[in-house]
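Engineer: I'd like to ask you about the structure that follows.
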């Protein structure tokens, strides 16, 4: 009710026309890889009865989330790279912010659940079927979506209650909490720390749980199956690399005050573009069962 701003202007990644065309080509190819790669994973898992274990059920859900996550920012970014005036309506900006945090937080929780699934399969193999039943998997996935929704609802409500009365130029290529609340015509000290404690702590907690689970997995394999220890180390290292690409930039951006530091729009490219591209490659191309099913399909 206190806002007079009806639209925001997205400054994008660059003002140079040649660089914008180059970025459009690269990001279009990255978006196509995310869509086609994850759709192929979903179709493969859904059509092959051999891929009915909880691990592949969770992988299928991760692919769906990746499609949703990259579709929140990439289409708008691609359109703006070819536009002279990069304007976005206030309500559209808030909607993008909401869905970005909704799907992003859901993916964080799902990656944590996937790490728990791998830990259970390797460290407690005799109890795996009982612990990770179909009913449990559906409950965990539902909890991931519910947690993402609650997280995003808090972030969106904290943003919407701020007054926007003048500045409307967002130094980014999409609407997110840090660049948007910098434009508020009020003191945002309390609000930004509430948001940082929400987004930042969720990112940090999920990342620590993931790294700890991989450490337990490697220790267990080293003790019980020393002959496959190096192969497991290689697989875990690739998974940790992808997880780090997603979580560390989020921790860096959200676990700190927003208003006192400059925009980090180039760092955002890592978890909005690179990480969704790497997920289908790392989680699929290193899995012989999935590759065999894809070739059959």
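Quick reminder: no glycine exception, Cβ is built from N, Cα and C everywhere.
Unlike curated records, TrEMBL annotations are generated automatically.
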Engineer: So which range, 137-154, 155-172, gets flagged transmembrane segment in TrEMBL?
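Structural biologist: Residues 137-154 are the ones TrEMBL records as transmembrane segment.
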Engineer: With the transmembrane segment (233-255) as the reference, which stretch in 19-43, 94-116, 267-285 has the largest tally of C-beta pairs below 8 Å?
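Structural biologist: Most Cβ pairs under 8 Å with the transmembrane segment (233-255) come from 267-285.
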Engineer: In the same chain, which residue numbers or ranges, 6 or more beyond the ends of the transmembrane segment (201-221), come under 8 angstroms Cβ to Cβ?
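Structural biologist: For the transmembrane segment (201-221), the nonlocal Cβ contacts are 105, 108-109, 111-112, 115-116, 118-119, 122-123, 151, 228-229, 232-233, 236, 239-240, 243-244, 247-248, 250-251, 254-255.
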Engineer: Under 8 Å between C-beta atoms and at least six residues away from its ends: which parts of the chain pack against the transmembrane segment (19-43)?
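Structural biologist: Sequence-remote neighbours of the transmembrane segment (19-43) are 12-13, 59-60, 63-64, 66-67, 70, 74-75, 77-78, 81-82, 273-274, 276-277, 279-281, 284, 290, 294, 297.
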